[in-house]
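Annotated features in TrEMBL:
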TRANSMEM  73-93  transmembrane segment
TRANSMEM  99-119  transmembrane segment
TRANSMEM  152-178  transmembrane segment
TRANSMEM  199-217  transmembrane segment
TRANSMEM  223-244  transmembrane segment
TRANSMEM  300-321  transmembrane segment
TRANSMEM  356-377  transmembrane segment
TRANSMEM  397-413  transmembrane segment
TRANSMEM  425-444  transmembrane segment
TRANSMEM  464-491  transmembrane segment
TRANSMEM  503-522  transmembrane segment
REGION    551-572  region 'Disordered'
COMPBIAS  561-572  compositional bias 'Basic and acidic residues'
Amino acid sequence: MISIGLKNCESERANDDSALLPFQLVMGLLNRIVQSFEVTHDSNLTITEQLVANYDLLPVEPEKRTWRAYNYIAFWTADTFNINMWMIVSSMIQLGMSWWQAWICVWLGYGVAAPFLVLNARPGAIFHVMFPIVNRTSFGMFGSLWCVFNRAAMACIWYGVQASIGGSCVLVMLRAMWPSIYDLPNSMPASSGTDTRDYLCFFLFWLISLPIIWFPVHKVRHFFLVTPILMPIASITFLIWCIVKAHGIGPILHQPSTLHGSKLGWAMVVSSMSCISNEVTLVTNAPDFASRARTSSAALYPQLFAIPLSAAFVSLIGILVSSSSQAIYGTAIWSPIDLLGNFLNDNPSKATRFGVWFISASFMLAQVTTNICANSVSAGCDLTALFPRFINIRRGGYIAATVGLAMCPWNLLKNSNEFTSYLSAYSVFLSSIAGVMVTEYYIVRKGHYNVKDLYNTTKGSWYWYTYGINFRAYTAYISGILINVVGFAGATGRTVPLAATRIYELSFFTGFGVSAIVYWALNRVFPVIGAADTFEEIDVSGYERTARSLRDVEEVDDETKDGGSDHSASKR
């Protein structure tokens with residue numbers, strides 16, 4: 001009887017095993033599928049460690065710190081040579097300012113934004129870590145994910161918007177070669193918000209951008225050297241062409257201001273703040289590119305001066321060209337692509353068509369450059385930090401391109417006032433993040449870093465705080481947002497006090513300043529691990545020394561292996 005019972009138990013166990021076999025096969029297959037999507041990572045990492053680290057998130061290796069001073073100058077020259085910068089003073093002049101008052105606003109806006117960008121870029125240049133990692137020092141290992149998500153979302157949206165603008169450049173290029181493209185029959189429904197011709201050009205621009213995303217950050221710097229050479233030639237050629245065509249510089253340069261007193265003053269403040277809002281996204285994620293600096297000084301003075309100088313140059317060319325267009329057509333055409341399109345009306349000569357093609361192609365390349373340096377790389381770094389197990393910078397860049405394609409960005413551009421309000425509101429979020437980050441580095445821990453703890457999720461590490469979240473940072477961050485909430489309601493059409501409107505018009509400074517002060521005060525009351533009394537830029541964990549020692553050991557091992565192989569070969 002006992003043997004019969006044993007046989008029955010064995011039979012039941014075999015049946016259970018056979019029943020579980022399909023489930024195990026399915027789970028094994030799913031596990032292999034998941035692993036096929038994973039990026040390369042250290043096999044010894046735990047699941048928790050895989051949530052905070054992969055190779056792209058680690059400090060940049062010395063051989064990949066290839067950005068010199070001229071690379072940063074080229075980077076910012078390439079970034080500012082875009083259609084938005086060309087047109088930036090148009091809204092200022094329409095407010096009633098003279099051209100030189102509007103130009104001063106550009107100088108002020110970008111001249112003020114540059115020091116903040118350099119301040120926030122410093123940790124990246126010193127410790128060679130990107131924005132998502134720098135953000136962990138203030139917001140915590142997991143608290144940083146919300147800030148990173150905000151920046152990633154902004155980068156994806158801007159990628160689509162810049163691609164949509166780039167599509168208009170492609171249209172003028174194609175029209176210069178094949179005029180019939182302008183009359184391409186439409187097969188898309190009205191609900192799409194676009195037509196076949198415009199979508200085709202947008203999609204072509206989107207495709208042209210894809211190969212550039214493939215290159216890693218330390219190599220893509222070579223691409224940024226093209227635009228600073230090509231665009232000044234194209235823009236100055238465009239300016240001379242317009243002046244000759246208009247028989248003069250045009251009336252905008254002789255147009256006086258219609259604003260005076262406090263109205264003029266606040267108009268200039270609002271316009272300067274608009275310039276800062278355009279730059280606040282890059283202020284926030286400044287460590288991304290600074291982390292590739294060969295020396296810390298390479299990311300300091302070149303950026304400090306290149307940003308306002310290049311912005312002022314591009315906007316000045318835009319003013320002069322638009323002024324000439326008013327003499328030609330009776331009304332100022334601020335968009336250089338619209339103006340080039342007008343040149344193709346009324347049976348243009350072959351020389352005119354070639355000139356339009358060359359200039360529009362240059363603008364198209366400038367838009368590609370802007371999209372890569374301001375959006376693709378930023379989104380790649382941020383998405384890598386959000387999903388380090390599955391995404392690296394390259395994959396993140398392609399995800400941003402996919403989102404930019406799927407979001408139908410032309411619908412955002414249909415109502416520029418709503419889009420401008422959205423950008424102003426988002427600058428409040430980002431300026432509050434930047435205020436906390438800058439205060440953390442320069443005032444709280446005074447340059448002291450613990451690089452190893454940037455990837456450490458154990459209790460007691462510098463950046464673990466409370467379950468991975470620094471509530472001091474979030475209190476300061478929310479405070480920087482709240483001070484601007486009432487003014488934002490006024491910007492959307494609600495009736496609010498004048499004081500709230502003025503505070504919101506200074507949203508970058510109020511958001512940055514309030515978050516910085518609150519964060520400093522909370523750290524005085526509730527000190528953090530690693531708070532310092534003297535400023536010294538040092539990694540207390542010695543990560544760089546450890547990494548260098550490991551590389552030396554690996555090189556010795558490689559040489560030993562090579563030597564052993566040669567010795568064995570000689571014996572044979």
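Glycine is no exception: its Cβ is also placed from the backbone N, Cα and C atoms.
The shown structure was predicted, so the numbers you read here are calculated from the model rather than taken from an experiment.
Outside the transmembrane segment (199-217), and at least 6 residues removed from its termini, the chain residues within Cβ reach (under 8 Å) are 64, 163-164, 166-171, 174, 184, 188, 192, 223, 288-289, 292, 364, 367-368, 371-372, 376-377, 380, 393-394, 397-398, 401, 404-405, 410. Remote same-chain partners of the transmembrane segment (397-413), defined as residues 6 or more beyond its termini with a Cβ less than 8 Å from a stretch Cβ, comprise 152, 155-157, 159-161, 163-165, 192-194, 198, 202-203, 206, 209-210, 213, 375-377, 379-380, 383, 391, 419. Counted over residue pairs separated by six or more positions, the transmembrane segment (99-119) shares at least 3 Cβ pairs under 8 angstroms with the transmembrane segment (300-321), which defines the two as touching. The transmembrane segment (300-321) shares the most Cβ pairs under 8 Å with 73-93, out of the stretches 73-93, 223-244, 356-377, 425-444, 503-522. The transmembrane segment (152-178) makes no contact with the transmembrane segment (503-522), as judged by fewer than three Cβ pairs under 8 Å among residues 6 or more apart in sequence. For the transmembrane segment (425-444), the partner stretch with the highest count of Cβ pairs under 8 angstroms, out of 73-93, 464-491, 503-522, is 503-522. With a cut-off of 8 Å between Cβ atoms, the residues of this chain six or more beyond the transmembrane segment (73-93) that come close are 67, 99, 101-103, 105-106, 162, 165, 169, 221, 224-228, 231, 235, 252, 255, 267, 271, 274-275, 278, 282, 289, 302-303, 306-307, 310-311, 313-315, 317-319, 321-322, 332, 334-337, 363, 366-367, 369-370, 373-374.
Nonlocal intrachain contacts for the transmembrane segment (356-377), taken as residues 6+ away from its ends with a CB within less than 8 angstroms of a stretch CB, comprise 75, 78-79, 81-83, 155-156, 158-159, 162-163, 165-166, 169-170, 172-173, 176-177, 205, 208-209, 212-213, 217, 220, 223-224, 226-227, 230-231, 233-235, 237-238, 281-282, 288-289, 336-337, 340, 343-344, 348, 393, 397, 400-401, 404.
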